[in-house]
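Annotated domain 'YjeF N-terminal' per TrEMBL: 10-207, in sequence order. Feature annotation from TrEMBL assigns (6S)-NADPHX binding site to 56-60, 121-127, Asp150, Ala251, Gly311, His362, Asp425. Per TrEMBL, the feature K(+) binding site maps to Asn57, Asp117, Ser153. Under the heading domain 'YjeF C-terminal', TrEMBL lists 217-479. Annotation source TrEMBL lists AMP binding site at Lys395, Gly396, Ala397, Asp398, Thr399, Gly424.
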Amino acid sequence: MFEILTTDQMYDADRKTIDGGIPGDVLMENAGRTVFEEIIRHWSPRSVSVLCGPGNNGGDGFVIARLLRDEGWSVRLGLLGEIEHLGGDAATHAQKWDGATERLSSALVVGADLIVDCIFGAGLARDITGDVADLVASVNDSMSVVVSVDVPSGVDGNTGCIMGCAIKADLTVTFCRAKPGHYLLPGRQLCGELAIRDIGISDQIVSEIRPTCWRNDPVLWRAGIRWPGLDGHKYHRGHLLAFGGTMMTGATRLVARAARRSGVGLLTIVSDASVLPVYAADAPGTMTASISGLEALLNDCRHNAFVVGPGYGVGDSTRSLVLQLLHLCRSTVLDADALTSFSDDPSTLCFAVQGPTVLTPHEGEFTRLFPDIDGDKLARARAAAKRSGATVLIKGADTVIAAPDGRAAISAVDAPWLATAGSGDVLAGMIAGLMAQGMEMFDAACMGVWLHGRSGTDIGPGLIAEDIPDHLPVILRELWLASRK
């Protein structure tokens, strides 16, 4: 279940399933039952208030309330609007509820040990205001456990944005596949634990919808990993040139260490001759070369990949170098100063991209490079990738990777320890190292982000950037062993 569906795609999946012979009221019964199952799996019987909206989410709530009451729970149910105004499948399941139906209000929060939020689903198109906003505040201020159905009410399922205000859940149960808003901030922080449950929509129907967004997971890119063969040698694994500055040498040294740990066969740091001893002393397996010999280095086609930006410096010389590298159409990763150097003329950078290129900006760098692109993070990454012809990776807790053809992946790793100096340099080095080995640029970017995140969760508190490359062999061994099964 790694595909991510938009709200429109989910509606399409529902429709195709109903057209295929499974009635809508059965899907609603299945949805409510999965939430019921999650609730009784997590908690013992207690007082519960089910908060129902006027649409299908509210219909799910009637199913949940009925099943919990039949299980012996003390259940109160509140409805936004009049029960007579419910339509379709929601009306069908409302008729099966023979308990009291109260007016939806903050009074339902009082005395409830557990609250089931079925007010609004992922397709909410307006801000929550008025009495419902007051109810949301009451829920969030309470000590009750909160379970949200589909998404926490007030979270836009496509963007993760908050529509006026939103409920903060301890558990969110969604159906068939996750939506972007489950993984994009700030929605992701409001979901709590996320459970994705099957309600009868087949994998074939999901495939027919042709999803173009996925949760970043090895399933997405593991077939593209270039493991070395028994008859291979170091030159088969690529030769990466990492361009380093004269002041912030630590950044490029982190790039180099990460690239080498990712499996690249050879790595040369290219910089001013005056600082080459600093780079050479850092690691005996890293080669160095003077930038004065750049022409000869670039004429050697064995140097099949480049990474530039971390610690290199902002200015005309950086711009000139980047344009030279892009003209060669070899695998290239641009980060940090390499991106900022084009902030006053981003079109020149976009026009120069011809070969496999990955741009790895954080939010500030992205805004400087693409100031006219707005919207949610997923939409912005896709727009920038389409414009530039590069794979664009917007870094953050909800990192998004987008390819020029519209494919996208969202990182779902919770690793706040990665917010530390040099972490982004390590990521750039990993991606460049994977591309140097022949991995396709979107796959390499996704794999690099996943390795980065997995390292963060494995290492945990106390992590510094230097720890990440040294942990890669552990993770890569797991992936390699899994590939041999």
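Glycine too: its Cβ is placed from the backbone N, Cα and C atoms.
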Next item on the list: Please name the residue among the binding-site residues Ala122, Ala397 whose C-beta has the most neighbouring C-beta atoms within 10 angstroms.
Entry: Ala122
Note to self: Tell me the Cα distance separating Asp398 (AMP binding site) from Gly59 ((6S)-NADPHX binding site), rounded to the nearest angstrom.
What the structure shows: 32
Next item on the list: Determine which residues of the same chain, besides Asn57, Asp117, Ser153, have their CB within 8 A of the center of the CB atoms at the recorded K(+) site, and list them by sequence.
Entry: Leu51, Gly53, Gly61, Cys118, Ile119, Phe120, Gly121, Ser148, Val149, Asp150, Val151, Pro152, Ile167
Notebook entry, point to check: Can you tell which of Gly59, Gly396, Gly424 has the most other C-beta atoms within 10 Å, given these are the binding-site residues?
Noted result: Gly59
Notebook entry, point to check: Near Thr399 (AMP binding site), which binding-site residues out of Asn56, Asn57, Ala125, Asp150 have their CA within 10 Å?
Noted result: none
Check: Closest of the binding-site residues to Ser153 (K(+) binding site), Cα to Cα, picking from Ala122, His362, Ala397, Asp398, Gly424?
Finding: Ala122
Note to self: What does the structure give for the C-alpha distance between Asn56 ((6S)-NADPHX binding site) and Asp398 (AMP binding site)? Integer Å is fine.
What the structure shows: 29
Notebook entry, point to check: Hey, of Lys395, Gly396, Asp398, Gly424, which of those binding-site residues are within 10 Å of Ala122 ((6S)-NADPHX binding site), Cα to Cα?
Noted result: none
Checklist line | Residue, out of the binding-site residues Asp117, Asp398, whose Cβ gathers the largest set of other Cβ atoms within 10 Å | finding: Asp117
Next item on the list: Enter the number of other CB atoms within 10 angstroms of the CB of Asp150 ((6S)-NADPHX binding site).
Entry: 28
Next item on the list: Tell me the Cβ contacts of Asn57 (K(+) binding site) under 8 Å, same chain only and six or more apart in sequence, or just say none.
Entry: Cys118, Ile119, Phe120, Gly121, Val149, Asp150, Ser153
Note to self: Within 10 Å of Gly424 (AMP binding site) (Cα to Cα), which of the binding-site residues Asp117, Ala125, His362 do you find?
What the structure shows: His362
